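Heads up: the structure comes next, in structure tokens.
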Amino acid sequence: MLQINVKKQLGQLALQANIQVPDQGVTAIFGLSGSGKTSLINLVSGLIQPDEGFICLNDRTLVDMESQESLPTHLRKIGYVFQDARLFPHYTVKGNLRYGMKNVSQDDFNYIVDLLGITHLLKRYPLTLSGGEKQRVAIGRALLTDPDILLMDEPLSALDVPRKRELMQYLERLSKEINIPILYVTHSLDELLRLADRVVLMENGIVKAYDRVEKIWNSPIFAPWKGESEQSSVLALPVHLHNPPYKMTALSLGEQVLWIHQVPANVGERVRVCIYSSDVSITLQKPEQTSIRNILRGKITQIEIQDSRVDLAVLVEGHKIWASISKWAQNELRFAIGQDVYVQIKAVSVM
């Protein structure tokens, strides 16, 4: 576990954080530019020192200002991946990967190289690599130092869209297979949803919220980030069963199920999905003989009048699902808070 309880004055920015990060999974550090995201992970790495407080990793004290104890960066067992790859141009990929290697067997080396899909690059030099390939090598080099935690500072920000998509696939795999915590700095909603288990929401140096991604996403505090064009709901649900003939998977939603296209997940394993309000309609009676597979019972808990539509939040088995309808439909059907309804979900995005 990573424990952070620090204060740091950085010019006009007063950074303050008090969080505990589990010993596995991806924790996103999310916020506007200048909110203190990179400064927070630099405090963990030792590149900057706090004014007050302490940071502990797996019962090791990295820094404690009260006792004036501070481990040098190179002794903290931390892997750091920057926005730019920072590879050594005069070393091959293999040479870059082996630089700083500690307590890593050949089998472990081969595993990391295979995990990141860079086996075919080992004899090449950085100058011949694409941006995405360079970042994969940089990640591999960080992992091969045998770190207790991996820090990633917007590793996709300098890449074009095709390279971002390419690297994202490897990051998704990496996040599921390595058994150390990852602190991942980003201001991308897509990266947040696809990669992170938890999110630290930062604003002007202060931690405004810290919880699982789906809880933060669905909370009012995150509303400004999603914009006003459309509501959305993020759910993390366990696999109930698979239906191979139709290539579909059912997720448990209380006593009901949510059908999605088939995913390679075991029964009981959680899958994160996003449902956009434009893909949801509401009926007063359960529809019969419809092509829509996802029809769920729920109760209206919130109604928001927008310029050109009405947004309704329906509580389904403890989960809030948003639907957007026309003002005409609202005037005709007169939906009200507390009313029992059925939601029809036309599409579900698997994150």
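Yeah, the Cβs are placed from backbone N, Cα and C, and that goes for glycine too.
Keep in mind that this is a model prediction, so the values were computed, not measured.
The ATP binding site annotation in Swiss-Prot covers G31, L32, S33, G34, S35, G36, K37, T38. Taking a C-beta cut-off of under 8 Å and a sequence gap of six or more, G36 (ATP binding site) has these contacts in its own chain: L10, L13, L15, M202, N204, G205, I206.
Annotation source Swiss-Prot lists domain 'ABC transporter' at 1-229.
Sequence annotations record features per position, and here Swiss-Prot assigns domain 'Mop' to 289-351 based on sequence analysis.
The 10 Å shell around the Cβ of G34 (ATP binding site) contains 15 further Cβ atoms across the protein chains shown. When the binding-site residues S33, S35, T38 are compared by the number of other CB atoms within 10 angstroms of each CB, S33 has the fewest.
DSSP gives K37 (ATP binding site) a helix state. The residues near the ATP site, meaning same-chain residues not in G31, L32, S33, G34, S35, G36, K37, T38 whose C-beta sits within 8 angstroms of the mean position of the site's C-beta atoms, are S39, H187, M202, in sequence order. Most buried of the binding-site residues L32, K37, judged by other Cβ atoms within 10 Å, is K37. Within the same chain, residues at least 6 positions away in sequence whose Cβ sits under 8 Å from that of G31 (ATP binding site) are K37, H187, L201, M202, E203.
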